[in-house]
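Asker: My questions all concern the structure below.
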């Protein structure tokens, strides 16, 4: 009977159950916290710091969101007055001077500006519409808390007065909402945060060193007009840095969208719950994110340096009636508030001159320039910040040191005669015998191991996009599950097939070699982009590449544990000599091709004795003198796994754990939050006209990156996890292909506007949205019954279908005024040149437009200010937008054009939907929409009434 040497149980051995269990534990131990951090907002403290009151902030938010309050609504004026009262209440509640002196500080002077004087003409909006001109009158509310290092004079009252102290700090929010949303997170939380900042920095112990300007701007939703007109107020010359508070979702965590530089980002590190990645900033820089915030005005036009902090999901509630307090929480308020307090406190307490220097834009404030930054959070509790040139240096160093280290290690292995890699055979000491090493086995499997799962997941992205493109809107995690399950199962299946056909102890090192090459190339690309384009979003590649390099180096160091190739050949010859006395012949090693197909793959349940030929530790096959003889006593080396190469008995059995810990955790920690953040941001952009394929391919790419660290080990998996994932894949695939893509918690947004020809009384209500859903919804409305709903592709919103029908006539103007009187205009044409003066007004509105069929060369609004920081560089203007702080105001606009007639329309807007019955077509749409659909504004006005004009050559 054969004697067996059974190995001791090793919980870290590179065998099936340890590999399956440990890798599963590592992935789950990291993925679960990442998901929790992404979806669970830290609880607000029961006892907030001195100077802050969360309950008060929540009560303010409820008042602010008790109705729609766009700029062109009566409630907007109510909110404006309420803000002034709240600010005065906060300032009136500040303690006496003695309490400040007890803390060795002076009570700060506070100035409140109700800016109902500033106006401005700008061009292009935020969408780079070259043919657009905008005149806007602001109603901003500005609070200036004087810093104890600031000028004590009222310099802003002097003509052309400028501050002589160091630059101050601006914190901005906007108090207007869209006409279809209550504005809880866009931007109600920002507004109540600013109110709390006024309270905090006027509380004893928090007096600022630098001046603090808190801006409540009005008109952000209509192309950032409030921030633009703020530039005309004298106090705007004081701040050099800023913090912009914004919202593009409903609840959740407030993320750091972007920042201008390393120095200004530093104070954000004080935040107790930092959240965000520089990758989102790169999205804005490269144009992948098209929407904008007031950040671009402060940083791009005014030359300030600052940060953009905003809520960013779920986008389905953004600009709808679900952007309310019901769908946010005190915890979300605290998350933004705590970040704002920490960041602002860091900025106003700065005692250096790093935010003072030459202007970085023409006409900008003298804020100097900063260094480009790399930043990201770790589990929502730690913020990592360093300069971009540091990342560049680290990448270059790793790109050079890594290959050199591996080269020198290879040389050392070669000198020690232990370089088994890529070696097919070895010679004995006397060089008479040649023994097989099979050192190349396993090298060529990685392209299949990596390529097949990746190609299939990308193929799934195309399949779902073709069959059910918007399922990701409501079921992003079903898509994630499908991709992950398919990738893991296919990677395991391919690796098991390869391992069955050609088992190799070098599967790990060769897989890591391929991974190292791919990550090295990725690091080169990241280095080039960081150096030439200033894009820091590839920072995760450095950590990914570093982990793979160390794991690969460990595999190289493992080879030192092997016998020299000559020594191994001598062992085989010695074993052959001992066996020849028994009539044995030299057989194949455990990984030889000959006879592999007939040999059953060893598993945990396979007999150690097996059947047929049996091998010794040196993998020589013992056979009896004849086929009926009893086999000689043999020794089976348990340190050789399955049918892998015999020399692998000497390889360490535990180092794979170290390699796993060097590759998987760092990849998940770096890439996991990016994946969640990115998909949360783009999964619901299909309803806005974005192509859904991008989101699915992004999931496939992130899946591949996060699961690639499994490839060196996955061939050791038991079948249990892969087969379970196969079932998950089949179930989620079917669901993703057939399920309805929208739900009452993830609604499809439909863009609404009603256009009225005031000369004829004919109106057209329009929904713009995804086909075929928008057409189905439009046809089901009672007012559309019996009509032919006309649908055509939207001219401005890409990939959206615009469906129109004759709606119920609106009643935005009280009284019995004829429709054509809703908009009034008078045109006076010059007698000697192509110039004309328009006098325009509208009833119960403060927003109108002049549209031209052919562009005018220039225009001027009477009484308007102009600013070279907002230059006019277009060939002509097709549209002039007019905004007034006064209801039923009359604008006087002079235009000039080339020779010929001038045709167009004068349009006025109505955006107030707080009173039922005023806009009955919209009331009907909201009442009869299915639960999975939501209304959002399709234009600045919910109702747009127009009257045509024509100026002939002889007029």
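Cβ atoms here come from the backbone N, Cα and C positions, even for glycine.
As annotated in Swiss-Prot:
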BINDING   174, 186, 246  Zn(2+) 1 binding site
COMPBIAS  591-603  compositional bias 'Acidic residues'
CARBOHYD  53  N-linked glycosylation site
CARBOHYD  119  N-linked glycosylation site
CARBOHYD  826  N-linked glycosylation site
TRANSMEM  17-37  transmembrane segment
TRANSMEM  391-411  transmembrane segment
TRANSMEM  443-463  transmembrane segment
TRANSMEM  474-494  transmembrane segment
TRANSMEM  509-529  transmembrane segment
TRANSMEM  534-554  transmembrane segment
TRANSMEM  657-677  transmembrane segment
TRANSMEM  694-714  transmembrane segment
TRANSMEM  722-742  transmembrane segment
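If you look at the structure here, what lies around each of the features I listed?
Answerer: Less than 8 angstroms from the CB of residue 186 (Zn(2+) 1 binding site) sit 177, 178, 246, 247, 248, 311, 318, 319, 323, each of them six or more residues away in the same chain. In the three-state DSSP assignment, the secondary structure recorded for residue 186 (Zn(2+) 1 binding site) is helix.
Secondary structure at residue 53 (N-linked glycosylation site), taken from DSSP and collapsed to helix, strand or coil, is coil. Cβ neighbour count for residue 53 (N-linked glycosylation site): 15 (other Cβ atoms within 10 Å of its Cβ, all protein chains included).
The 10 Å shell around the Cβ of residue 119 (N-linked glycosylation site) contains 18 further Cβ atoms across the protein chains shown.
A simple way to gauge crowding: the CB of residue 826 (N-linked glycosylation site) has 11 other CB atoms within 10 angstroms, across all the protein chains here. In this structure, residue 826 (N-linked glycosylation site) is part of a beta strand by DSSP.
Same-chain residues lying 6 or more positions outside the transmembrane segment (17-37) and placing a CB less than 8 Å from one of its CB atoms are 10-11, 379-380, 604, 656-657, 660-661, 664-665, 668-669, 672-673, 676, 710, 713, 716-718, 720-721.
The list of residues near the transmembrane segment (443-463) in space but at least 6 beyond its ends in sequence, with Cβ under 8 angstroms from a Cβ of it, reads 422, 482-483, 486-488, 490-491, 494-495, 498, 502, 506-507, 510-511, 513-515, 693, 696-697, 699-700, 703-704, 707-708, 711, 733, 737.
Residues of the same chain lying 6 or more positions beyond the ends of the transmembrane segment (474-494) and with a Cβ under 8 Å from any Cβ of it are 445, 448-450, 452-454, 456-457, 460-461, 464, 679-680, 683, 696, 699-700, 703-704, 707, 710-711, 714-715, 717, 721-723, 725-726, 728-729, 732-733, 735-736, 739, 741-743, 745-746.
Using a Cβ-Cβ cut-off under 8 Å and counting only residues 6 or more beyond its ends in the same chain, the transmembrane segment (509-529) has close neighbours at 392, 395-396, 398-399, 402-403, 421, 442-443, 445-447, 449-450, 535, 538-539, 541-542, 544-545, 548-549, 551-552, 555-556, 558, 659, 708, 711-712.
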Asker: May I ask for the residues of the chain that lie six or more residues beyond the transmembrane segment (534-554) and have a Cβ under 8 Å from a Cβ within it?
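Answerer: Beyond its ends, the transmembrane segment (534-554) has Cβ neighbours at 277-279, 281-283, 285-286, 372-374, 376, 388, 391, 394-395, 398, 402, 405-406, 409, 509, 512-513, 515-516, 519-520, 522-523, 525-526, 655, 658-659, 662-663, 666-667, 670-671, 674, 705, 709, 712.
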Asker: What same-chain residues, at least 6 away in sequence, bring their CB to under 8 Å of the CB of residue 174 (Zn(2+) 1 binding site)?
Answerer: 187, 190, 191, 216, 217, 218, 219, 220, 221, 226, 227, 294
Asker: How many neighbouring Cβ atoms, not counting its own, are there within 10 Å of the Cβ of residue 246 (Zn(2+) 1 binding site)?
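Answerer: I count 25 other Cβ atoms within 10 Å of it.
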Asker: Note the Cβ centroid of 174, 186, 246, the recorded Zn(2+) 1 site, then list each other residue of that chain whose Cβ lies within 8 Å of it, in sequence.
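Answerer: For the Zn(2+) 1 site, the extra neighbours are 173, 183, 185, 187, 190, 220, 221, 245, 247, 248, 293, 294, 310.
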Asker: For residue 119 (N-linked glycosylation site) and residue 826 (N-linked glycosylation site), determine the Cα separation and express it in whole Å.
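Answerer: Residue 119 (N-linked glycosylation site) to residue 826 (N-linked glycosylation site), Cα-Cα distance: 23 Å.
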